[in-house]
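Chemist: According to Swiss-Prot, the record shows the following:
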type     : residues      : note
COMPBIAS : 47-66         : compositional bias 'Basic and acidic residues'
DISULFID : CYS139-CYS206 : disulfide bond
DISULFID : CYS182-CYS234 : disulfide bond
DISULFID : CYS194-CYS236 : disulfide bond
CARBOHYD : ASN148        : N-linked glycosylation site
CARBOHYD : ASN151        : N-linked glycosylation site
REGION   : 47-69         : region 'Disordered'
SIGNAL   : 1-18          : signal peptide
Amino acid sequence: MSMLCYTLIIAFLIGIWAAPKSEDNVPLGSPATSDLSDTSCAQTHEGLKTSRNTDQRHPAPKKAEDQELGSAANIIVDPKLFQKRRFQSSRVLFSTQPPPLSRDEQSVEFLDNEDALNRNIRAKRETHPVHNRGEHSVCDSISVWVANKTNATDIKGNMVTVMVDVNLNNEVYMQYFFETKCRNPNPNPVPSGCRGIDSRHWNSYCTTTQAYVRALTMEGNRASWRFIRIDTACVCVIIRKTDNF
């Protein structure tokens, strides 16, 4: 009887020893652990590759300020916006290349390469006009076409975003503004003052003035016309002298 019990106990212990061990209890460095580590590393590597490819296909969104100040060439503008004459200004130009230095008295314009070239030729003829009567300006001014204007003050006194360029009929047009300002502005009256002013009785100085023109601006995600303020003239300001001067 005792021999039978011993035999059963030994058989039971041998069966327990021969049973497969659980993966949770496998010691480090065992083949099962190595397989799991290799599998985990492979999955992690594949996950990194997938994430990198996903980032390349779907780049991170830009900041709102970058989108607001960026180029508007991707914004398609309806040509009907330019059909109404009340939206046109002689100091606003839409062109595919930089316009000439001088300006023709025209309304909102669109210049292709050939038109701009012809106007450049006309501009060279008009750059140095001949004054036969000794005509002089009271204040020296300079006029230039301004590009890349991104912000301006509208007629309500608010800062608005100006469209630098627009996509019209699958062509990108830059928006230019013809601005005039004093060559050497001086906000304080000086003895010399403006040209041709009697300095014995008047103090004078030159200053840049502004006017409103209609420009294409951004309102949310769409283009709209607004009155914005730009430099348009250089004028002379005179102040009568008193006995205290």
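Along the chain as shown, the residues are counted starting at 1.
For all residues, glycine too, the Cβ spot is worked out from N, Cα and C.
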Chemist: Fewest other CB within 10 angstroms, which one of the disulfide-bonded residues CYS139, CYS182?
Modeler: CYS182
Chemist: Helix, strand or coil: which one is CYS234 (disulfide bond) in, per DSSP?
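Modeler: Going by the DSSP assignment, CYS234 (disulfide bond) falls within a strand, counted as strand.
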Chemist: Of ASN148, ASN151, CYS182, CYS194, CYS234, which recorded positions are close to CYS206 (disulfide bond), meaning a Cα within 10 Å of its Cα?
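Modeler: Those close enough are CYS182, CYS194, CYS234.
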Chemist: Count, for each of the disulfide-bonded residues CYS194, CYS206, CYS234, CYS236, the other C-beta atoms lying within 10 angstroms of its own C-beta, and report the residue with the smallest count.
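Modeler: The disulfide-bonded residues CYS194, CYS206, CYS234, CYS236 were compared, and CYS236 has the fewest Cβ atoms within 10 Å.
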Chemist: Using DSSP with the three-state reduction, classify CYS194 (disulfide bond) as helix, strand or coil.
Modeler: coil
Chemist: Show which residues of the chain containing ASN151 (N-linked glycosylation site), separated from it by at least 6 in sequence, have their CB under 8 Å from its CB.
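Modeler: Once residues fewer than 6 apart are set aside, ASN151 (N-linked glycosylation site) is near MET159, VAL160, THR161, VAL162.
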Chemist: Nearest to CYS236 (disulfide bond) by Cα, among CYS139, ASN148, CYS182 (recorded positions)?
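Modeler: Given the candidates CYS139, ASN148, CYS182, the nearest one is CYS139.
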Chemist: Should any of the recorded positions CYS139, ASN148, CYS194 have a Cα within 10 Å of the Cα of CYS182 (disulfide bond), which are they?
Modeler: CYS139
Chemist: Starting from the Cα of CYS234 (disulfide bond), work out which of the recorded positions (CYS139, ASN148, CYS194) are within 10 Å.
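Modeler: Near CYS234 (disulfide bond) by Cα: CYS139.
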